[in-house]
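Scroll down for the structure; my scribbles are underneath it.
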Amino acid sequence: MSHELTAQPLWTGDYYNEGTGRSDIFDTLKEECGVFGVYGHQDAATLSYYGLHALQHRGEESAGICVTNGVQFNYHREMGLVKEVFDKDRLASLTGDMSIGHVRYSTSGDSRLTNAQPLIFKYRDGDLAIATNGNIVNAPLIRKELEQTGSIFQTTSDTEVVAHLIARSSKDFIEAVKDALRKIVGGFAFMIMTNDKLVIASDPNGLRPITMGRLGDAYIFASETCALETIGAELVRDIGPGELLILDRGGLREDRFTEPQRKALCAMEYIYFARPDSDLNGANLHSARKRMGRQMALESFIDADIVTGVPDSSLSAAIGYAEQTGIPYEMGLIKNKYTGRTFIQPSQELREQGVKMKLSAVRSVVSGKRVIMIDDSIVRGTTSRRIVNMLRDAGATEVHVLITSPPFKNPCFYGIDTPDRKELIASSKSIEEIRKEINADSLAFLSPKGLIKAVGGNSANEYKGGLCMACFDNDYPTKLDFGGEEKRSF
Ligand code: SF4
């Protein structure tokens, strides 16, 4: 695949980004992030603070807000949680009525400040800020082409590729953005801001969630509806595949940069990532997870004394399983709320330590009981084994593990950090082998059909319920363009 790049003009301005951060072009980042945008509200920075705080679960390593007053950018980014990065004085200094904000979760070992977003550039037409949630599959290829024709990259973030494509175009800004988005392949929700425009875009498959709300006359955009709720904004709608929204003095223009492709919202958002009080594509997450638990009960009934969920993401499903079966729901596991997430951390050692820091089994609840433990996924198996053993150590006589997703066998290329396939336990082991490995009395996974049925929502009748299920079924909604042969499976 070739990418037509304008030969000139080359990058014309200075970078605002700290440090240099140049690295190997194959150093791709796979991250899960949250984005939040405001158009037309004088307290844009404060709203962004609360919005990003509500999206904190999507990225705990860095946070940033860039605001414009129509003339210049004011911005701040730092490593750390939203509440650590911003204080009252800092927010007061971020004046303006249009903003984009970002929280970032990086597990690739490259969690430098240079990659903290929004990324901010100065180019020939002025200032440019970009925040994104997702991953660009063909970023290394485009980056290589750009570097061969003179571009100098300052970060290792995929997002910078889009900035270069925009800056090198000789077309007007909106056409340049559209051209740039048409060149990239992947799962993404973009927020792109200049001093007089805010542009919001969703990838052609709608892989990553992005939603629009109103707060009075202001427009609010967020990765999840829980952020709209937090600031008192009203949900208007989700942004659809291939859409491009432009906000400027002329108001809101609803445009698109490409025709929509197969709708494929990330199934893991429903299973694990999004907050239970968020709605995605017309389905509330808590309710969808409860239906997963109910469906699990229909597919895999176990005769046991109590049902417990691994907090927090599996509590809703455990309640659903208990409701469907009549087996009592109990708090057999308690989460220490003052630690970070452990879905995938940088090293095995940290991950194992993380489980101990994060969870405790409640002895008086599980002792002498046959326990059904509901969890959302098994990635490497290490965490599951530790939790099962924790329940056994606390006196559980049997531990049956039910997973409210199909076996996770394939890596994600759309912004969810997953280990190599060889580290994914379900890619090489049978369910019985995994059961033995995690020391469970029995183990079952939710069927793909059961998952689609449970999610429901506005795309229930579409192909695969409008979901990306590639990490389960190896059917990727985009081509996988790494150079050489283009593929749809990996
Ligand atoms: S491959 Fe899996 S984790 Fe990645 S977008 Fe698709 S469903 Fe989500």
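Note that Cβ sites are derived from N, Cα and C of the backbone, with glycine treated the same way.
TrEMBL: automatically predicted annotations, no manual curation.
For reference, TrEMBL has these:
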ACT_SITE  Cys33  active site, nucleophile
BINDING   Cys266, Cys412, Cys468, Cys471  [4Fe-4S] cluster binding site
BINDING   Ser313, Asp375, Asp376  Mg(2+) binding site
DOMAIN    33-250  domain 'Glutamine amidotransferase type-2'
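Overlay of TrEMBL feature records on the structure.
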residue	record	DSSP (3 states)
Cys33	active site, nucleophile	strand
Cys266	[4Fe-4S] cluster binding site	strand
Ser313	Mg(2+) binding site	coil
Asp375	Mg(2+) binding site	strand
Cys412	[4Fe-4S] cluster binding site	coil
Cys468	[4Fe-4S] cluster binding site	strand
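Annotation for Asp375 (Mg(2+) binding site): same-chain Cβ neighbours under 8 Å, separated by at least 6 residues, are Gly309, Val310, Ser314, Ser384, Ile387, Val401, Leu402, Ile403, Thr404. Only Cys412, of the recorded positions Cys33, Ser313, Asp375, Asp376, Cys412, place a Cβ under 6 Å from an atom of ligand 1. Summary: among the recorded positions (Cys33, Cys266, Cys412, Cys468, Cys471), the fewest other C-beta atoms within 10 A of the C-beta are counted at Cys412.
The Cβ neighbour count for Ser313 (Mg(2+) binding site), using a 10 Å radius over every protein chain in view, is 24. You'll find the Cα of Cys468 ([4Fe-4S] cluster binding site) roughly 18 Å from the Cα of the residue listed as 'active site, nucleophile'. Apart from Cys266, Cys412, Cys468, Cys471, the residues listed for [4Fe-4S] cluster, the same chain places the Cβ atoms of Gly187, Leu207, Ala267, Met268, Tyr414, Ile416, Met469, Ala470 within 8 Å of the centroid of those Cβ atoms. Every protein chain shown contributes to the tally, and the Cβ of Asp376 (Mg(2+) binding site) ends up with 24 other Cβ atoms within 10 Å. Listed in chain order, the residues near the Mg(2+) site other than Ser313, Asp375, Asp376 are Ile271, Tyr272, Gly309, Val310, Ser314, Ala317, Ile374, Ser377, Ile403, Thr404, Ser405, each with its Cβ within 8 Å of the site Cβ centroid. Rounded to a whole number, the distance between the Cα atoms of Cys471 ([4Fe-4S] cluster binding site) and Asp376 (Mg(2+) binding site) is 14 Å.
Counting in whole angstrom, Ser313 (Mg(2+) binding site) lies 17 from Cys33 (active site, nucleophile) by their C-alpha atoms.
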